[in-house]
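K.L.:
A single structure is presented below for examination.
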Amino acid sequence: MSETGSISIHTENIFPIIKKFLYSDHEIFLRELVSNAVDATQKLKSLAALGEYKGELGELKVRVTVDKDQRKITISDHGLGMTADEIKKYINQIAFSGATEFVEKYKEKDAQAKDQIIGQFGLGFYSAFMVAKEVEIWSQSYKEGALTAHWTCDGSTQYTIDEPTGEHAKAERGTDVVLHVAEDSDEFLEEARLRTILTKYCKFLPIPIEFEGELINDTTPIWTKQPSDLTDEDYKKFYQELYPMSMDEPLFWIHLNVDYPFNLTGILYFPKVKDELQFQRNKIQLYSRQVFITDEVKDVVPEFLMLLHGVIDSPDIPLNVSRSFLQADANVRKINTYITRKVADKLAELFRKDRAGYEEKWADIGLFVKYGMLSDDKFYERAKDFVLLKSVSGKLYTLTEYTEHIQANQQDKDGNTVVLYTTDAEQQHGFVAAAQERDYDVLNMDQVLDAHFIGQLEQKLEKTSFKRVDAATVGQLIEKEEAPASVLSEDDQKKLEEVFTGAISNPAMHVKVAALSPQDAPVVITQNEFMRRMKDMQRTGGGGGMQMFGSMPDSFDVTVNANSPLVSKVLADGGETIAKQAFDLALLAQGMLKGEALTAFVKRSTELL
Ligand SMILES: Nc1ncnc2c1ncn2[C@@H]1O[C@H](COP(=O)(O)OP(=O)(O)OP(=O)(O)O)[C@@H](O)[C@H]1O
């Protein structure tokens, strides 16, 4: 038999379109052809297992070779092969209709959507024409008495097919796909380039892939195995294999393994993260039946889980659709929920089984847990039992433990629990110390996310508010019933206020006199919690109503302690210098005394001495 035919498609000239639109992703032709070869091999194995094929299986390997002089790349398998009729059916019709469908879809989309389709759409066999000006198939079916089928196509809609016999027949069962590489695709004749592509996409394919005599892949990567058959060392070794450049070992990992209602396997690693800038996204690799698809797993994995590393393998994630569709896909949503739950399970287990070990890792996983709580309500519900708060004392508490710890001492007169925190224990040291003197506990909230995290906790925890230690004088941070009474007359209070206002002469500083404890500092500078948060939010991009606060100059409360022994000196003649000195000391405690003012302070101090 030898015939020439015309491939029946509705889109004329499909190849120029494929070639042009898939420009950036030409390399996937190799993934597609090697995957087909692997599929054909696995189908043969299944037929043999079912007893439908009784012949020798032989060595089931896929071989890729390149001949630079002849400008040929060959992909050979020992799979089930195709007869001439099957080629007509599978290649001429089915494969073409896939390509046609792609082009149709492609034409409809806007430019951005097009970018997203590229690389996600398995174009299958016809992607060969992205790099080849002519493609040949030599195939010998496993079926008894089948003749060799030989198909050629030059990328037009014309093909020829014949059934060579005798010395021209293919000796062995299986298929050779021969690409005659086009002039503009010379790069794919380079051995190094091909090896790189194979390593990227085929590293974990289930059938051995040999390139120029060298084995490319690990056919049974650990995510395909049973967790009970694996040791910690296996997981660590695999991490190294995935990220050879990484110096650190992963903290721990989760082996994903589910069959129903969707199929998903994989391993997610928690990386060691010392600071927030180190977080690397796009470290999770997505596979479909062990074929590498992409490392852009956005939309498949919840945003906060992108901080994890590892591998996800699922044939149930549609790869041939645009991103927006992916988000709406029911399987993808279920996968999202499943992964989130698994991650929460793992953290809960670590916390429960080994509290000390969990606390040790907290520095590395804290940010991740908080990020998860902020971005996913379901995760919040799980994580609220194992999220930890760190006291400046160094001790770590769960939310419940902490509430219990401070409840007795840190309730205000209205029965609200006031959580005190510092964003910088060094800089706010004076305030922290003052709080500790009253046996108040102070939390360290110095991570970037903490401001948001505090906001979330205030919403979720009942009758609880957070105040930064320098938001008010220690007595006013947590307002108790028994405020100390002032020993000053009203006149003296007024005078005190005037002396300080005059000495400070800065409209951003609002002086007020209050009866603090005699042991407290004579002057305390604070910034109201509400105002500070509004301004912070405005700085970090909160819009709308925040604008008003953001554009206001910073303003501070200067609280003069009416009960301080210093007051009598300020009220005496020449008290303005003392007032100025006391104010500067308060600035100093806040880390706000700088430049010229600092120089003047030092000079004045020397004089006073
Ligand atoms: N090496 C091969 N051996 C046997 N059959 C093959 C081989 N390559 C392709 N085929 C047949 O041709 C068909 C079309 O292949 P093509 O790669 O275009 O699409 P596909 O593999 O079905 O889907 P996908 O778009 O996911 O690649 C295959 O389904 C298979 O039946």
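Here the Cβ of each residue, glycine as well, is placed from N, Cα and C on the backbone.
TrEMBL feature annotations, pasted as is:
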type: BINDING; residues: E32, N36, D77, M82, S97, G98, Q120, F121, G122, L123, G124, F125, T175, R323; note: ATP binding site
K.L.:
Please work out which residue of E32, D77 has the most C-beta neighbours within 10 angstroms of its C-beta, and give that one of the binding-site residues.
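P.N.:
Neighbour-count leader: D77.
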K.L.:
Using DSSP reduced to three states, classify G124 (ATP binding site) as helix, strand or coil.
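P.N.:
Note: G124 (ATP binding site) is helical by DSSP.
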K.L.:
Among all the protein chains here, how many other CB atoms are within 10 A of the CB of T175 (ATP binding site)?
P.N.:
26
